[in-house]
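First comes the structure, then the notes that go with it.
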Amino acid sequence: MKALLLRDLKLAFRAGGGFGLGIAFFLIVVILVPFSVGPESGLLTKIAPGVLWLGALLACLLSLDRILALDWEDGTLDLVATSPLPLEGVVSVKALAHWITTGVPLVVAAPVFGVLLNLPPQGFVWLVASLALGTPALSVIGTFGAALTVGIKRGGLLLSLLILPLYVPTLIFGAELARRGAEGQDVTTPLLMLAGITFGVIALLPFASALVLRMNLR
Amino acid sequence: MILRVKDVSVARGGVAVLEGLSFEINPGQALIVKGPNGVGKTTLLRTVAGLQPPFKGQVEAPEEAVAYAAHSDGLKTMLSVEENLRFWADVFGQSDIEKAIQAFDLVELRSRLAGSLSAGQKRRLGLARLLVTGRPIWVLDEPTVSLDTASVQLFADAVRAHLAEGGSALLATHIDLGLDVTMLDVGPFRAKQGDAPISGYDEAFL
């Protein structure tokens, strides 16, 4: 398991591994939004949490088809499936590696990007908290989507369409948490809902992912 | 560590391609599966490796005893020869990769990226992976593809050493490896309703 995680991280950081992909996309969205909605700072402050969350979600979506497709193409998945590693563990590790290479940089970069969107000072803590809590769910759900579409050539579009509805609850409660935090309102409800979604999918989805992966390998 | 295949039918895309196959491979023995293209050799090997369930019948293999090698070698082009082998050794809980590097003449290539290897060198690395699994039953699908004569000899030596150590092997190959093994022509086991015009149905929807 550890070997698989280390190998995935090593591959992500080497040339062509796609490590900067998500964060670069996030940066582009955040830089372009002020140009497109105009310089009115009140409006930017209002939409900042939502824009940051949407940017993070789309950045995450961008790299989903790399989670399993590359291992499928070079035959690694077949060989891993006949190895002592349980597939449930394999998909969990894959999701973890995706989160470390995509989710964590987004969480770290979000406060910097928040400045660009004129996010109020009290909002930074909750923005980081909501992303830190929400992005693991994005990676785990994304891995499920990748398992569903593995083996389909250029399945990126299908993957996005399948995954988007599953991302909606995380987006709603994540952005709501960040918004309420920025406006100084009570954050309990969205915080609990977001935590519930994340821990729920981490507990359940790896089993579903392993099941569909096993069927796709037949 | 006996591999038993009892009255097995295997299916591709839900249609049986081979039926009524039975054989047994004991430690120290190897069986070579022969047959025309498309007859279902790969499907049979995937079934034996546990990647898909048999359509009918039973495959009896000890838990975690089968090492499978297919057409693609499962190599990462951005990792070196040594890193690739080290990864598979870790996955299978082994530590010694030197023996595998020696056996397949990869010593001079060990720090090269797998992506910069020739097709034959990649194949040798893929076969070296078998040695680091430490598993007794090898299930190999066309292992000699893109190997030159000298490399085929290296591979034959590796199989011979494996059998001498009490391992066994099930191979699909068309090349004479110079091994003293049993041959099984699966042609006569072709399923009656096989070759139904169903192939490609899954692509049609996508």
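Each residue, glycine too, has its Cβ placed from N, Cα and C.
Listed features, source TrEMBL:
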| type | residues | note |
| --- | --- | --- |
| TRANSMEM | A:12-35 | transmembrane segment |
| TRANSMEM | A:47-64 | transmembrane segment |
| TRANSMEM | A:96-117 | transmembrane segment |
| TRANSMEM | A:123-150 | transmembrane segment |
| TRANSMEM | A:157-178 | transmembrane segment |
| TRANSMEM | A:190-213 | transmembrane segment |
*Restricting to the same chain and to residues at least six past its boundaries, which positions have a Cβ under 8 Å from a Cβ of the transmembrane segment (A:190-213)?*
68, 77, 81, 86-92, 95, 129-130, 133-134, 136-137, 140-141, 143-144, 147-148, 150, 169-170, 173-174, 176-177, 180
*Among A:47-64, A:96-117, A:157-178, which stretch has the highest count of C-beta pairs below 8 Å with the transmembrane segment (A:123-150)?*
A:157-178
*Same-chain Cβ contacts of the transmembrane segment (A:96-117) under 8 Å, 6 or more residues past its ends?*
4-5, 8-9, 12-13, 17-19, 21-23, 26-27, 30-31, 33-34, 44-45, 47-48, 51-52, 55-56, 59-60, 63-64, 67, 123-124, 127-128, 131-132, 135-136, 138-139, 142-143
